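This report concerns only the one structure given below.
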Amino acid sequence: MNLKEKTRALFAEIFGYPATHTIQAPGRVNLIGEHTDYNDGFVLPCAIDYQTVISCAPRDDRTVRVIAADYDNQADEFSLDAPIVTHDSQQWSNYVRGVVKHLQQRNNAFGGVDMVISGNVPQGAGLSSSASLEVAVGTVFQQLYHLPLDGAQIALNGQEAENQFVGCNCGIMDQLISALGKKDHALLIDCRTLGAKAVSMPKGVAVVIINSNFKRTLVGSEYNTRREQCETGARFFQQPALRDVSLEAFNAVASELDPVVAKRVRHVLSENARTVEAASALEKGDLQRMGQLMAESHASMRDDFEITVPQIDTLVDIVKATIGDQGGVRMTGGGFGGCVVALIPEDLVPAVQQAVAQQYEAKTGIKETFYVCKSSQGAGQC
């Protein structure tokens, strides 16, 4: 039973009438452009074929009822006429409540909804299960009540909910790609203007995501430190963000900067340039150049931004040794564990899977999880 059938069946069973709509919003993986989003830079993610699915129907009152199928059918219920506050014990509820609360501030021309939610985006793997949920919930209200909101506004609404209601700092990339993703394409996103350009993916290439299953511990504190270091760098150049600093300007005065800050700045500037070039390489189907750019990106994250861990570097080395120059691999996500992403010709996927299975656990003592994905469509009815 797929997620649509599962949520529709559960909806009828619990609420006693059929759902009128089923909405999906995908998770994502970022192909290149790491820690560039909060520096007003460029990112190149694609939506993946793992998603949050919500079967739903409008109500004729002001009540919102929600069932979380993946949490033993836990329920939440709240009124649109009372202040929406955080739920004490159900963290998943706060993503739903936060999205609805922030939607009210944007456009409150909507009434109650019944919904059943289920998803298969792996949680804690850095594949944006939370953004997928936020965008799915926003799309439910937009579709059921014909709200005049576009994908970018639904994405911004989800980001606000996560930052201000759930209390977790995040850039805009995750929500934007979930809302605007295009099948068989990646999206080059300008995080300053939120402009997005669809970039066609080469045919016969798989998007492979491998979770190192190394438990991330430093990610929160170190993420904030990196942001501060980048802001320090921007201030040094008297610019609003590192997006506005050229590599030439940086190289001319790099020795005057604090050495650690200089390394952080060099990563962001070089990564921005790589991301823009990667979009063009991908569009031309030049997997060899894309692979070189991904390798440079990984080295920069390891040596200049210092956010990789030995387990991730091991995983990258195993994949690279197997594919040579026929594709690319790098760490993806915030760092300190998480996943690597690889672009691999489909016929090489079994060899990569076998090499990783034989070597990774033997070298690290941890078993990986292997996902073969396709670039998929953004949020909408399914």
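Just so you know, glycine gets a Cβ as well, placed from its N, Cα and C.
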Which of Tyr223, Tyr360, Tyr371 belongs with Glu34, His35, Thr36, Asp37 in the substrate site listed by Swiss-Prot: Tyr223
Binding-site residues compared (Thr36, Ser129) - highest count of Cβ atoms within 10 Å: Thr36
Residue, out of the binding-site residues Ala125, Leu127, whose Cβ gathers the largest set of other Cβ atoms within 10 Å: Leu127
Residue among recorded positions Arg28, Thr36, Asp37, Tyr223 with Cα closest to the Cα of Leu127 (ATP binding site): Arg28
Residue with minimal Cβ packing [other Cβ atoms within 10 Å] among the binding-site residues Gly124, Gly126: Gly124
